[in-house]
(Lines of atoms letter the chains of each structure in order from A and count residues from 1; the text may use other names and numbers.)
(Lines give C-alpha, C1' and ligand atoms only; values in the text may rest on other atoms or scores of the structure.)
Protein backbone atom coordinates (compact mmCIF):
# COMPACT_ATOMS: atom_id res chain seq x y z
CA UNK A 1 0.00 0.00 0.00
CA UNK A 2 2.94 2.35 0.56
CA UNK A 3 3.49 2.68 -3.19
CA UNK A 4 0.20 4.61 -3.41
CA UNK A 5 1.16 7.07 -0.68
CA UNK A 6 3.28 9.38 -2.86
CA UNK A 7 0.62 9.79 -5.60
CA UNK A 8 -1.98 10.58 -2.92
CA UNK A 9 0.29 13.20 -1.32
CA UNK A 10 1.03 14.64 -4.78
CA UNK A 11 -2.68 14.99 -5.49
CA UNK A 12 -3.29 16.65 -2.13
CA UNK A 13 -0.56 19.19 -2.90
CA UNK A 14 -2.19 19.94 -6.26
CA UNK A 15 -5.61 20.38 -4.66
CA UNK A 16 -4.21 22.76 -2.03
CA UNK A 17 -1.91 24.82 -4.27
CA UNK A 18 -4.05 24.90 -7.44
CA UNK A 19 -7.65 24.80 -6.20
CA UNK A 20 -9.26 26.67 -9.11
CA UNK A 21 -7.43 24.68 -11.78
CA UNK A 22 -8.23 21.37 -10.06
CA UNK A 23 -11.86 22.39 -9.71
CA UNK A 24 -11.97 23.23 -13.41
CA UNK A 25 -10.50 19.84 -14.30
CA UNK A 26 -12.91 18.02 -11.99
CA UNK A 27 -15.82 19.94 -13.47
CA UNK A 28 -14.75 19.02 -17.00
CA UNK A 29 -14.37 15.33 -16.11
CA UNK A 30 -17.70 15.25 -14.30
CA UNK A 31 -19.51 16.98 -17.17
CA UNK A 32 -17.98 14.61 -19.70
CA UNK A 33 -18.94 11.60 -17.59
CA UNK A 34 -22.50 12.81 -17.00
CA UNK A 35 -23.27 14.02 -20.53
CA UNK A 36 -21.38 11.41 -22.57
CA UNK A 37 -20.42 8.28 -20.66
CA UNK A 38 -23.61 7.62 -18.69
CA UNK A 39 -26.03 7.95 -21.65
CA UNK A 40 -23.87 5.82 -23.96
CA UNK A 41 -22.48 3.18 -21.58
CA UNK A 42 -25.24 2.57 -19.03
CA UNK A 43 -27.64 0.77 -21.41
CA UNK A 44 -24.81 -1.44 -22.71
CA UNK A 45 -23.56 -2.34 -19.23
CA UNK A 46 -27.08 -3.14 -18.05
CA UNK A 47 -27.86 -5.33 -21.07
CA UNK A 48 -24.57 -7.22 -20.84
CA UNK A 49 -25.21 -7.91 -17.15
CA UNK A 50 -28.63 -9.31 -18.02
CA UNK A 51 -27.22 -11.32 -20.92
CA UNK A 52 -24.65 -12.87 -18.62
CA UNK A 53 -27.11 -13.76 -15.87
CA UNK A 54 -29.78 -15.04 -18.28
CA UNK A 55 -27.25 -17.18 -20.16
CA UNK A 56 -27.69 -15.20 -23.37
CA UNK A 57 -23.98 -15.32 -24.17
CA UNK A 58 -24.43 -18.66 -25.94
CA UNK A 59 -26.85 -17.06 -28.39
CA UNK A 60 -24.39 -14.32 -29.38
CA UNK A 61 -21.57 -16.82 -29.71
CA UNK A 62 -23.54 -18.97 -32.15
CA UNK A 63 -24.06 -15.94 -34.39
CA UNK A 64 -20.59 -14.40 -34.39
CA UNK A 65 -18.23 -17.28 -33.55
CA UNK A 66 -17.75 -18.53 -37.16
CA UNK A 67 -16.32 -15.14 -38.21
CA UNK A 68 -14.53 -14.13 -35.00
CA UNK A 69 -12.68 -17.43 -34.57
CA UNK A 70 -11.18 -17.16 -38.06
CA UNK A 71 -10.24 -13.49 -37.87
CA UNK A 72 -8.84 -13.31 -34.35
CA UNK A 73 -7.68 -16.90 -33.75
CA UNK A 74 -9.87 -17.43 -30.68
CA UNK A 75 -12.19 -20.29 -29.85
CA UNK A 76 -15.96 -19.73 -29.99
CA UNK A 77 -16.15 -18.53 -26.38
CA UNK A 78 -13.95 -15.57 -27.31
CA UNK A 79 -16.53 -14.21 -29.76
CA UNK A 80 -18.65 -12.51 -27.09
CA UNK A 81 -15.87 -10.28 -25.66
CA UNK A 82 -14.65 -9.38 -29.17
CA UNK A 83 -18.10 -8.26 -30.36
CA UNK A 84 -18.83 -6.25 -27.21
CA UNK A 85 -15.40 -4.66 -27.27
CA UNK A 86 -15.85 -3.33 -30.80
CA UNK A 87 -19.49 -2.27 -30.53
CA UNK A 88 -19.80 -0.91 -26.99
CA UNK A 89 -16.48 0.87 -26.41
CA UNK A 90 -14.16 1.18 -23.41
CA UNK A 91 -14.09 -0.66 -21.02
CA UNK A 92 -16.82 -3.09 -22.12
CA UNK A 93 -14.40 -5.42 -23.90
CA UNK A 94 -12.45 -5.91 -20.68
CA UNK A 95 -15.67 -6.37 -18.71
CA UNK A 96 -16.83 -9.06 -21.15
CA UNK A 97 -13.49 -10.85 -20.79
CA UNK A 98 -13.77 -10.68 -17.00
CA UNK A 99 -17.34 -12.01 -17.09
CA UNK A 100 -16.47 -14.87 -19.46
CA UNK A 101 -13.44 -15.83 -17.38
CA UNK A 102 -15.35 -15.72 -14.09
CA UNK A 103 -18.01 -18.01 -15.58
CA UNK A 104 -15.36 -20.51 -16.66
CA UNK A 105 -16.09 -20.03 -20.36
CA UNK A 106 -12.50 -19.12 -21.27
CA UNK A 107 -9.12 -20.02 -19.81
CA UNK A 108 -6.82 -17.55 -18.11
CA UNK A 109 -4.45 -17.49 -21.07
CA UNK A 110 -7.21 -16.83 -23.55
CA UNK A 111 -8.50 -14.07 -21.28
CA UNK A 112 -5.06 -12.43 -21.29
CA UNK A 113 -4.83 -12.80 -25.07
CA UNK A 114 -8.26 -11.22 -25.56
CA UNK A 115 -7.32 -8.31 -23.33
CA UNK A 116 -4.60 -7.32 -25.80
CA UNK A 117 -7.12 -6.26 -28.45
CA UNK A 118 -10.80 -6.33 -27.34
CA UNK A 119 -10.77 -2.99 -25.50
CA UNK A 120 -11.63 -0.43 -28.19
CA UNK A 121 -13.44 2.87 -28.75
CA UNK A 122 -17.02 2.45 -29.91
CA UNK A 123 -18.05 3.35 -33.49
CA UNK A 124 -20.50 5.93 -32.12
CA UNK A 125 -17.70 7.67 -30.21
CA UNK A 126 -15.35 7.63 -33.20
CA UNK A 127 -17.97 9.01 -35.58
CA UNK A 128 -19.58 11.64 -33.36
CA UNK A 129 -16.79 12.85 -31.08
CA UNK A 130 -13.62 12.15 -33.07
CA UNK A 131 -14.66 12.73 -36.68
CA UNK A 132 -17.46 15.29 -36.30
CA UNK A 133 -16.32 17.26 -33.24
CA UNK A 134 -12.54 16.94 -32.94
CA UNK A 135 -11.65 16.86 -36.64
CA UNK A 136 -14.80 18.50 -38.04
CA UNK A 137 -14.61 16.10 -40.99
CA UNK A 138 -17.45 13.63 -41.43
CA UNK A 139 -15.76 12.20 -44.54
CA UNK A 140 -13.09 10.68 -42.28
CA UNK A 141 -15.60 8.89 -40.04
CA UNK A 142 -15.64 5.56 -41.87
CA UNK A 143 -11.87 5.62 -42.31
CA UNK A 144 -11.39 6.16 -38.56
CA UNK A 145 -13.66 3.23 -37.70
CA UNK A 146 -12.05 0.99 -40.33
CA UNK A 147 -8.48 1.83 -39.28
CA UNK A 148 -9.31 1.17 -35.62
CA UNK A 149 -10.81 -2.23 -36.47
CA UNK A 150 -8.02 -3.26 -38.83
CA UNK A 151 -5.31 -2.15 -36.39
CA UNK A 152 -6.81 -4.28 -33.63
CA UNK A 153 -7.07 -7.23 -36.01
CA UNK A 154 -3.44 -6.90 -37.11
CA UNK A 155 -2.30 -6.50 -33.49
CA UNK A 156 -4.18 -9.66 -32.53
CA UNK A 157 -2.61 -11.66 -35.35
CA UNK A 158 0.86 -10.39 -34.43
CA UNK A 159 0.41 -11.13 -30.73
CA UNK A 160 -1.27 -14.53 -31.13
CA UNK A 161 1.93 -16.53 -31.89
CA UNK A 162 3.45 -15.31 -28.62
CA UNK A 163 0.57 -16.79 -26.62
CA UNK A 164 0.50 -20.08 -28.51
CA UNK A 165 4.27 -20.49 -28.32
CA UNK A 166 5.01 -19.37 -24.77
CA UNK A 167 1.59 -19.47 -23.11
CA UNK A 168 -0.27 -22.46 -24.61
CA UNK A 169 -4.06 -22.59 -24.27
CA UNK A 170 -5.30 -23.88 -20.95
CA UNK A 171 -8.72 -25.10 -21.97
CA UNK A 172 -9.83 -26.23 -18.52
CA UNK A 173 -12.38 -23.77 -17.09
CA UNK A 174 -12.15 -22.52 -13.56
CA UNK A 175 -14.60 -25.14 -12.33
CA UNK A 176 -14.87 -24.13 -8.71
CA UNK A 177 -15.56 -20.49 -9.44
CA UNK A 178 -17.77 -21.36 -12.39
CA UNK A 179 -19.97 -23.60 -10.24
CA UNK A 180 -20.17 -20.97 -7.54
CA UNK A 181 -21.20 -18.26 -9.97
CA UNK A 182 -23.73 -20.53 -11.64
CA UNK A 183 -25.23 -21.24 -8.24
CA UNK A 184 -25.38 -17.51 -7.55
CA UNK A 185 -27.01 -16.88 -10.92
CA UNK A 186 -29.53 -19.65 -10.24
CA UNK A 187 -30.65 -17.79 -7.13
CA UNK A 188 -31.68 -14.88 -9.35
CA UNK A 189 -33.23 -16.89 -12.18
CA UNK A 190 -36.94 -17.84 -12.14
CA UNK A 191 -37.72 -21.32 -10.76
CA UNK A 192 -39.78 -23.23 -13.30
CA UNK A 193 -41.76 -24.97 -10.54
CA UNK A 194 -42.36 -21.84 -8.49
CA UNK A 195 -45.46 -19.74 -8.37
CA UNK A 196 -45.87 -16.93 -10.93
CA UNK A 197 -45.46 -14.34 -8.19
CA UNK A 198 -42.11 -15.84 -7.22
CA UNK A 199 -41.03 -15.71 -10.86
CA UNK A 200 -41.86 -12.02 -11.00
CA UNK A 201 -39.93 -11.41 -7.79
CA UNK A 202 -36.88 -13.28 -9.10
CA UNK A 203 -36.97 -11.31 -12.35
CA UNK A 204 -37.22 -8.07 -10.41
CA UNK A 205 -34.27 -9.02 -8.21
CA UNK A 206 -32.23 -9.90 -11.29
CA UNK A 207 -32.94 -6.50 -12.84
CA UNK A 208 -32.19 -4.71 -9.56
CA UNK A 209 -28.88 -6.53 -9.23
CA UNK A 210 -27.93 -5.69 -12.82
CA UNK A 211 -28.77 -2.01 -12.33
CA UNK A 212 -26.74 -1.78 -9.11
CA UNK A 213 -23.78 -3.52 -10.80
CA UNK A 214 -23.98 -1.13 -13.78
CA UNK A 215 -24.08 1.91 -11.50
CA UNK A 216 -21.10 0.66 -9.51
CA UNK A 217 -19.01 0.31 -12.67
CA UNK A 218 -20.10 3.73 -13.96
CA UNK A 219 -19.12 5.40 -10.68
CA UNK A 220 -15.66 3.82 -10.93
CA UNK A 221 -15.29 5.07 -14.50
CA UNK A 222 -16.41 8.55 -13.48
CA UNK A 223 -13.92 8.66 -10.62
CA UNK A 224 -11.00 7.79 -12.88
CA UNK A 225 -12.13 10.32 -15.50
CA UNK A 226 -12.26 13.10 -12.92
CA UNK A 227 -8.83 12.26 -11.48
CA UNK A 228 -7.12 12.20 -14.87
CA UNK A 229 -8.98 15.31 -16.04
CA UNK A 230 -7.57 17.15 -13.02
CA UNK A 231 -4.06 15.99 -13.94
CA UNK A 232 -4.53 17.06 -17.56
CA UNK A 233 -5.79 20.49 -16.52
CA UNK A 234 -2.82 20.99 -14.18
CA UNK A 235 -0.37 20.04 -16.95
CA UNK A 236 -2.03 22.44 -19.39
CA UNK A 237 -1.57 25.22 -16.81
CA UNK A 238 2.21 24.74 -16.53
CA UNK A 239 3.89 28.07 -17.47
CA UNK A 240 5.69 27.93 -20.81
CA UNK A 241 4.34 24.56 -21.92
CA UNK A 242 3.35 24.51 -25.57
CA UNK A 243 -0.25 23.67 -26.54
CA UNK A 244 1.02 20.69 -28.55
CA UNK A 245 2.95 19.24 -25.60
CA UNK A 246 0.00 19.82 -23.27
CA UNK A 247 -2.34 18.13 -25.75
CA UNK A 248 -0.07 15.12 -26.22
CA UNK A 249 0.35 14.59 -22.48
CA UNK A 250 -3.38 15.07 -21.92
CA UNK A 251 -4.14 12.52 -24.64
CA UNK A 252 -1.87 9.98 -22.99
CA UNK A 253 -3.61 10.56 -19.67
CA UNK A 254 -7.25 10.73 -20.81
CA UNK A 255 -8.22 10.40 -24.46
CA UNK A 256 -11.28 12.66 -24.50
CA UNK A 257 -9.46 15.49 -22.73
CA UNK A 258 -6.60 15.17 -25.23
CA UNK A 259 -9.04 15.22 -28.14
CA UNK A 260 -10.65 18.37 -26.75
CA UNK A 261 -7.26 20.13 -26.68
CA UNK A 262 -6.39 18.72 -30.10
CA UNK A 263 -9.56 20.22 -31.53
CA UNK A 264 -8.39 23.70 -30.49
CA UNK A 265 -4.92 23.40 -32.03
CA UNK A 266 -4.00 25.04 -35.32
CA UNK A 267 -2.55 21.96 -36.98
CA UNK A 268 -3.07 20.46 -40.44
CA UNK A 269 -6.02 18.08 -40.54
CA UNK A 270 -3.75 15.18 -41.47
CA UNK A 271 -1.60 15.60 -38.33
CA UNK A 272 -4.68 15.99 -36.13
CA UNK A 273 -6.17 12.82 -37.59
CA UNK A 274 -3.05 10.73 -37.00
CA UNK A 275 -2.70 12.02 -33.43
CA UNK A 276 -6.39 11.37 -32.78
CA UNK A 277 -5.96 7.76 -33.92
CA UNK A 278 -3.11 7.36 -31.47
CA UNK A 279 -5.18 8.78 -28.62
CA UNK A 280 -8.29 6.66 -29.16
CA UNK A 281 -6.50 3.39 -29.96
CA UNK A 282 -4.25 3.69 -26.91
CA UNK A 283 -7.08 4.96 -24.75
CA UNK A 284 -4.94 6.76 -22.21
CA UNK A 285 -3.94 5.90 -18.66
CA UNK A 286 -7.50 6.60 -17.53
CA UNK A 287 -8.85 3.77 -19.71
CA UNK A 288 -6.09 1.44 -18.53
CA UNK A 289 -6.97 2.25 -14.92
CA UNK A 290 -10.64 1.57 -15.66
CA UNK A 291 -9.66 -1.72 -17.30
CA UNK A 292 -7.62 -2.72 -14.29
CA UNK A 293 -10.54 -1.98 -11.97
CA UNK A 294 -12.79 -4.22 -14.09
CA UNK A 295 -10.47 -7.25 -14.27
CA UNK A 296 -8.50 -7.18 -11.00
CA UNK A 297 -11.06 -9.23 -9.05
CA UNK A 298 -10.43 -12.14 -11.42
CA UNK A 299 -6.67 -11.94 -10.91
CA UNK A 300 -6.04 -10.86 -14.52
CA UNK A 301 -3.04 -8.64 -15.25
CA UNK A 302 -3.47 -5.37 -17.13
CA UNK A 303 0.11 -5.47 -18.50
CA UNK A 304 -0.92 -7.50 -21.55
CA UNK A 305 -3.62 -4.95 -22.28
CA UNK A 306 -1.05 -2.15 -22.06
CA UNK A 307 1.27 -3.87 -24.53
CA UNK A 308 -1.61 -4.56 -26.89
CA UNK A 309 -2.86 -0.96 -26.78
CA UNK A 310 0.60 0.46 -27.45
CA UNK A 311 1.01 -1.82 -30.47
CA UNK A 312 -2.50 -1.02 -31.73
CA UNK A 313 -1.92 2.73 -31.37
CA UNK A 314 1.27 2.67 -33.45
CA UNK A 315 -0.37 0.46 -36.08
CA UNK A 316 -3.35 2.80 -36.27
CA UNK A 317 -1.18 5.89 -36.68
CA UNK A 318 0.90 4.22 -39.40
CA UNK A 319 -2.16 2.91 -41.23
CA UNK A 320 -3.97 6.26 -41.06
CA UNK A 321 -0.85 7.99 -42.39
CA UNK A 322 -0.90 5.61 -45.35
CA UNK A 323 -4.62 6.18 -45.91
CA UNK A 324 -4.26 9.96 -45.89
CA UNK A 325 -1.23 9.78 -48.19
CA UNK A 326 -2.94 7.67 -50.83
CA UNK A 327 -6.41 9.22 -50.62
CA UNK A 328 -5.18 12.81 -50.62
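Yeah, the Cβs are placed from backbone N, Cα and C, and that goes for glycine too.
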Looking at the candidate ranges 80-99, 140-159, 160-179, report the one that TrEMBL labels transmembrane segment. 140-159
Any idea which of 12-31, 32-51 is down as transmembrane segment in TrEMBL? 32-51
Under TrEMBL, which of the candidate ranges 201-221, 306-326 is annotated transmembrane segment? 306-326
Count, for each of 111-128, 140-159, 226-253, 306-326, the Cβ pairs lying under 8 Å from the transmembrane segment (273-294), and report the range with the highest count. 306-326
For the transmembrane segment (226-253), give me same-chain residues lying six or more residues beyond its boundaries with a C-beta closer than 8 angstroms to one of its C-beta atoms, as numbers and ranges. 11, 14, 18, 21-22, 24-26, 28-30, 32-33, 259, 261-262, 264-265, 267, 275, 278-279, 282, 284-286, 289
By Cβ distance under 8 Å, which residues at least 6 away from the ends of the transmembrane segment (306-326) in the same chain are close to it? 115-117, 119, 143-144, 147-148, 150-152, 154-155, 158-159, 270, 273-275, 277-278, 281-283, 287-288
